[in-house]
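Novice: Annotated domain 'ABC transmembrane type-1' per TrEMBL: B:77-274, B:355-550, in sequence order. Among the features that TrEMBL reports, transmembrane segment is placed at B:21-48, B:81-103, B:115-137, B:157-178, B:199-223, B:253-273, B:306-331, B:361-380, B:392-413, B:425-445, B:486-509, B:529-549.
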Amino acid sequence: MLMPRRLFQTTLLAGAVAAALSSHAQATELTVYTAVESDDLQKYAERFNAAHPDTTINWVRDSTGVITARLLAEKNNPQADVIWGLAATSLLLLEEEGLLERYAPAGVENLDPKFVDVAYQSGEDPAWVGMDAWVAAICYNTIEGERQGVPMPTSWEDLTQPEFQGHVIMPNPNSSGTGYLDVASWLQLWGEEQGWDYMDRLHNNISRYTHSGSAPCSLAATGEAVVGVSFAFRGARLKSQGAPIEVVFPEEGLGWDMEAAGIVEGTDKLDAAQTLMDWIVSREANELYNEGYAVVAYPGVAQPIENYPSDITDRMIDADFQWAAVNRERVLAEWQRRYDGKTEQ
Amino acid sequence: MTASLLSKSLLRRDAAVSPEALIRLLVLLAGMALLVVGLLFPLFAMLVKSVQDRSGDFIGLANFIRYFQTPALVNSIANSLSVALMATVTVVSLAFVCAYGITRTCMPGKRLFRMLAILPILAPSLLPAISLVYLFGNQGFLRDVLAGHSIYGPIGIVMGMSFWIFPHALMLLTTALTNSDARLYEAAEALGTPKWRTFLTITLPGVRYGLISCLFVVFTLAITDFGVPKIIGGQFSVLATDVYRQVVGQQNFQMGAVVSVILLLPAVLSFIVDRWIQRRQVAQLSARAVPWQPTPSPLRDWTFALLCYTVAGIILLVIGTAVYASLIQFWPYNLSFTLQHYTFQGLGGGGWGAWFNSLKLAFSVALIGTLVIFFNAWLIEKSEGYRPLRQGLHFMAMLPMAVPGMVLGLAYIFFFNQAGNPLNWLYGTMAILVLNTLVHFYTVCHLTSVTALKQLDPEFEAVGASLKVPFWTTFSRVTLPVSLPAVLDISVYLFVNAMTTVSAVVFLYNSDTRLASVAVLHLDEAGYFSSAAAMAVLIFLTSLVVKLLHSALTHVLLNNAQRWRQAG
């Protein structure tokens, strides 16, 4: 009948149970930070586990900006073991901060050199390896376009025309990797002055900036917007699902970034992390990436994908990731200063 | 340190200390410790953070100065105030009409209306926002009603907030309008006072405290709400979403702390005003008052029935829209029905696992929270001695009401994620979510407990003491069983809130402890609108089932175990 004691035992017990439930440690568990589209995470883990069943992957997924900021914030007390599927611009930044453990995965020599940390060419172990290219695209809702008298755009410049006013949605580059690759590619295509001038004019037509890079295309697909600045993967997938959209690849050139992977410096599960990295560069893994992305790191693997143009590689701009990484903070601050009032909450 | 000093001085006063009294002191101190660790320390950590720079050095008010120099941030203050005021006016006037219908007319179907009116409480505040997009968005079937205005922004925010805050206001105003003195109305009638004049000179003054209190409660709920502006705010930023954007979007914790402090101000202010009013209200109704009973008046009754059922119809429409949205293949282009959005397959956010976590959280909070809060309230209300300590605990129990969820959640990051905090291990566990939710909703449960306990005869404890039965036996054998209806009310309140809340826990979950309410947010962020609707509906249905079970259980209890109530 000692009610208070029992009561506090219950409290403690519940706490202990909750704590135990949250750390069911059996096989090696890797905490993997990622910005890969959540549609695919389960598939990625399953394919890896088919080859290596003894390693469990605990995904921590968020949009590129959030994951990058989180890795930087945890610099002194890293929580992640591996990063698998984050923008190369972000990994360059992390490398500069000394957050990545250099490692040459078995088979890295098979990859297209463009997709591997340049340090590898000068004999060092690479800090990161690329997986696939993720390409900017515009999702255009054909039904809404016709109804509201908004023509299908063919170029980036089209989006600044008066008939697009209030019909364009794009991701906020502060939180979204897609948003940043758009901004970075415009600045590289046209130079800083003209790039910002373009964004000033574009800003007048934007109805809002979203948190994620997928949302603009989803909003175009459901007719909430006519034009969503997004990326090819999401557009192709939504179109396959029956959305009345056209995926437009603007003629000035396509900005792109690379999804890449690396080991977090100081992980106490180095063996498992290296095993994962070996698999990440494998042919099998690249075939997996190719299910969603038209351009992958392993030469000769890529098969054409539904709703992607066949000449997509030629239309990708000559992106300078080093520039995008080094200038990231400055560009984002400037962007925020100019346009932040219109960001979606 | 202070605690031991305090206990020493207290011990010295009661010269002969029985072991029982010592245990009483210890549990009182434990109750105090819970609120100190779960509320005061985190809030303090947050205040400290707001005057530090990124590397943790003290920089005075520099963060605040920067805040007030950034137009994008400062605008949110005016935005927050304006939508909160609009929502307050909308909600309180609607709720007043409906509460008047319930208490002062003979309108038909009162019971049914009250049941329908309570439904919004069972849904996360994200649900109305999602529904509004389907109703008034660019593809919505009612979009023409807005005459070209966008639902993304203040209009949508005010509508969404009004939906979920309405039941709170209705309950407060129904209570206020129930207390009436028929003698005043008889006198008015005898003097031939016109009806409108009776309303202005008797009815309104009679409920003025309840009304003012309701205004402040609604305003606080509105200005601190996060779910609705997050989903439907579009480019219209408010304080609560700024906290989220600073912290989650940009990992700028210092600025997040600054916005939190600013968000805390209106909440604390209205809390103080409300407390002050509550104190004045005590002597309003004299013991000789005779409750007023409405007499049938067809025109009036049917007018109010029409108004009330219009409101109920809107509530059903909003919930129905969310259900519909979750069942449609591909809105708005493929309207065939499907259950596929309920699989949450490979969409992130945690899917059914998140729902299961939410259940775990809700049951833990309901169980632990009810026992802890009710037991603490009993110690405060019914035990002897340690008066300053009991009063202190009561005061602390009132504080959580003044702390917005966003602020509490962020404060927990600052406090529990500090290197060197011995409680650091709690961070990222289910236990911290339980603690946070318990503290977040402490006050209402505490007040319910106190009200229930005040109705009990103090003789129970006196008899127990004279029989030399330890206090915990009296509590578990007599007080707890006798107060079972109130205890069940508290547990279901905690359960439903733990299921639906998103504001505090959005900062505290990790990959193992994702919650259904947070999943709604993430699914919507990623553009999976139908699945977000499905998850919101799932939360609603879960709360509804628990609420129905609770009603059935209370009914059985009142009929059987509580038969003594009628006997007296």
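A Cβ is built for glycine as well, from the same backbone N, Cα and C atoms used for every other residue.
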Novice: Are the transmembrane segment (B:157-178) and the transmembrane segment (B:529-549) close, by which I mean at least 3 Cβ pairs under 8 Å that are 6+ residues apart in sequence?
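Specialist: Checked: the transmembrane segment (B:157-178) vs the transmembrane segment (B:529-549), no contact.
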Novice: Quick test of the contact rule: Cβ under 8 Å, at least six residues beyond the ends. What residues does that give for the transmembrane segment (B:361-380)?
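Specialist: Contacts with the transmembrane segment (B:361-380): 24, 27-28, 31, 34, 390-391, 393-394, 397, 430, 433-434, 437-438, 441-442, 445-446, 449-450, 453, 475, 479-480, 483, 486-487, 490-492, 494-499, 515, 542, 546.
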Novice: The transmembrane segment (B:21-48) vs the transmembrane segment (B:486-509): three or more C-beta pairs under 8 Å (separation of 6 or more)?
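Specialist: Between the transmembrane segment (B:486-509) and the transmembrane segment (B:21-48), which are separate recorded stretches, there is no contact, as judged by 3 or more close Cβ pairs.
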Novice: Do the transmembrane segment (B:486-509) and the transmembrane segment (B:115-137) come close, with at least three CB pairs under 8 A (pairs 6 or more apart in sequence)?
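Specialist: Yes, these stretches are in contact.
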Novice: When only pairs 6 or more apart in sequence are counted, do the transmembrane segment (B:81-103) and the transmembrane segment (B:529-549) reach 3 or more Cβ pairs under 8 Å?
Specialist: no
Novice: Six or more residues out from either end of the transmembrane segment (B:253-273), which same-chain residues have a Cβ under 8 Å from its Cβ atoms?
Specialist: 46-47, 49-50, 52-54, 63-64, 66-67, 73, 76-77, 80-81, 84, 212, 216-217, 219-220, 223-224, 239-240, 242-243, 246-247, 401-404, 406-407, 410-411, 413-414
